[in-house]
Amino acid sequence: MTVNARGPEGRTDGAVPEGAGGMKKLAGISLAALGVVFGDIGTSPLYAIRECFHGDYGIAASNANILGVLSLLFWALILIVSLKYLTFIMRADNEGEGGILALTALIIGQSIKKKKDRWVLVSIGLFGASVLLGEAMITPAISVLSATEGLQIIAPAFADMVIPATVVILAGLFLFQHNGTARLGALFGPIILLWFFCLGTLGIIQIIQYPQILEAVMPWYGINFLLNNQLHGFLVLGAVFLAVTGAEALYADMGHFGRRPIRLTWVLFVLPALLLNYFGQGAFLLASPEASSHPFYALVPSWAMIPMVLLATVATVIASQALITGVYSITQQAMQLGYLPRLTVTHTSASHIGQIYVPAANWALMAATIGLVLGFGSSSRLAAAYGASMTTTMLISTILFFFVARDLWKWRPPVLWALVSLFAVVDLSFFGASMSKLFHGAWFPLAVGLLMFTLMNTWKQGRRLLMRQLQDRTLTVDGFLDSLALQEPQRVPGQAVYLTANPDIVPIALLHNLRHNKVLHSEVALFHFSSERVPRVPNSKKVEFVRLKDGFTQVVARYGFLEYPNIRQVLELANALGLNFKPEAISFFLSREKIVADEKTKILPSRKKMFALMARNALSATAYYGLPSGQVIEIGVQVQI
């Protein structure tokens, strides 16, 4: 999964200089990417093969079926990860950033002009991001659970310890989040490097003994498997797909590590290690089909079982950490794009801006993840839910990619339709197989996606109605300034800043202040923060202001969906351009809206209540914009929607 999961090393554009220094930097970035980007897909060998032969729709571990499953798995990794994501979708970046929301913002901002088309694509992208949140709840649960299940292989008496151990590990992981991962993050890459080395080593030992397993790279083994097993074979695709879960993370983390390090790490190290392990599991099953209930741990010598269970547990925790950080990132993006209310965000690193902590998201994720462990009870039962979330996300990525290639890249229709049709057939096959498990857990990520989509859509629509109501009760800036010339109010010395959602409209707080106090400050600045559909706005383009008449100034501050508006930074940039407002002497005026339901509006009553609840629990503008609380005056406004 994950959209824009942040690692410990800070952002890079992936540009690596030539020479020895460049190669050293490339190696360092690639090692860092191992710990953040590839943790999810790298822990799939714990359960992917097992679910094909031992899951809800597990098939008999005959030689033909083993070769067929491995063939399907091999080509899934090649077509979905290597071809679709690394070759094509990673080209569709939004100023270097990847992920569903970044991709949606790119399409909407640059290519789609019709309002109806924009709404449809925004809804598709928003639902994809919502399903990703459901996946983020499942991934830590299934990953850590699949690792700790090795305890019962060490000794059956440990079986009762699996669930408690998993809950303790997950609870510790979430409770640690507020400390950040700056120090521990340096260990992520080397640990995952060791994990992949062990994967490859365990696999190659078995392949040497049964080299005939390599015949599975031939696609006709997979085709024959589907033809011979028909419906049963199709249903097994849902388990085969588990091998490519985490592919979305390669695209989502592109802005952090760059295309080249991710591609090289995949081709030269990750893909070979995964294939060696999967084929090694297949080779072992050729000789011992009865091991289908635990093929991964069956590869491990008895003397190495305890260290391997510990390493697997640490690897799954690292993979979970990357996804948790990804949830913080997608929450941040949704807030900046106006789909979620303001939430508390803490920066956990003074040197790396991408390292953030969102308490509300953390506690919700913790409750859901531990609830899934307790509710499902095993990684095998969670597998159905996991596959459903990822197939939905990948299908949506294909749809969005189509519009990028058609409208931005102007691809010729024959080439475009041929490629997208290939991706769509693969995606729909896996999606259909995963949906067959709808009542076995696949409903969960879809339910979470629908809930989050409803919340985000409700907030966006509610804010739109709220702004419309406020604009109907105020004046344009030009009209207001003209009215001052007719009836000049008393002016008092000082500087005042009013925050406004629309730079051309007078803030309601200003009108209420003037109506009740009958005075205006001698210098008044109307500050508007504009969220752009790009990841970041350079400082040179972040702030601009216009001097109006009668001591008024209009200030517009632009920031990207990966940035946070900060009043001190904006004032510094504006003062450098000649604004001359003293931060310590400014009075900041804000309006605080009280939402009241109005039967005349078309929005459903339940959604009105939902919006009002979200508005009441949103972080205050004072905290969100970093305003000095001792200089803030809030004016209450009642608004009907």
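The backbone N, Cα and C atoms fix where each Cβ goes, and this holds for glycine too.
As written in Swiss-Prot, here are the features:
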type     : residues : note
TRANSMEM : 29-49    : transmembrane segment
TRANSMEM : 66-86    : transmembrane segment
TRANSMEM : 119-139  : transmembrane segment
TRANSMEM : 156-176  : transmembrane segment
TRANSMEM : 185-205  : transmembrane segment
TRANSMEM : 231-251  : transmembrane segment
TRANSMEM : 266-286  : transmembrane segment
TRANSMEM : 298-318  : transmembrane segment
TRANSMEM : 356-376  : transmembrane segment
TRANSMEM : 384-404  : transmembrane segment
TRANSMEM : 415-435  : transmembrane segment
TRANSMEM : 438-458  : transmembrane segment
Using a Cβ distance cut-off of under 8 Å, indicate which of 119-139, 156-176, 415-435 has the most pairs with the transmembrane segment (298-318).
156-176
Criterion met for the transmembrane segment (384-404) and the transmembrane segment (185-205) (at least three Cβ pairs under 8 Å):
no
In the same chain, who gets a Cβ under 8 Å from the transmembrane segment (356-376) while lying at least 6 residues past its ends?
6, 136-138, 140-141, 144-145, 163, 166-167, 170-171, 174-175, 177-178, 180, 324, 327-329, 331-332, 343-348, 382, 385, 441, 444, 448
Test of understanding: applying the rule of at least three C-beta pairs under 8 Å (pairs 6 or more apart in sequence), is the transmembrane segment (156-176) touching the transmembrane segment (438-458)?
no
Tally Cβ pairs under 8 Å between the transmembrane segment (66-86) and each listed stretch (29-49, 185-205, 231-251, 266-286, 415-435), then give the stretch with the top tally.
231-251
With a Cβ cut-off under 8 Å, give me the same-chain residues at least six positions beyond the ends of the transmembrane segment (266-286) that come close to it.
30, 34, 38, 41-42, 44-45, 48-49, 53, 61, 63, 66-67, 69-70, 73-74, 77, 81-82, 86, 196-197, 199-200, 202-207, 209-210, 212-214, 216, 243, 250, 292, 295-296, 298-299
With Cβ-Cβ distances below 8 Å as the criterion, list the same-chain residues six or more beyond the ends of the transmembrane segment (29-49) that contact it, or say none.
1-2, 5-9, 12, 14, 16, 69, 73, 81, 139, 142-143, 146-147, 185, 187-193, 195-196, 199, 239-240, 242-247, 249-250, 253, 256-258, 261-262, 264-266, 269-270, 273-274, 277-278, 281-282, 285, 295-296, 312, 315-316, 318-323, 325, 379-380, 383
Can you tell me which recorded stretch out of 156-176, 185-205, 415-435 has the most Cβ pairs within less than 8 Å of the transmembrane segment (231-251)?
415-435
Intrachain neighbours beyond the transmembrane segment (415-435), with Cβ under 8 angstroms and 6 or more residues off its ends:
76, 79-80, 84, 88, 234-238, 240-241, 384, 387-388, 391-392, 394-395, 398, 401-402, 405-406, 442
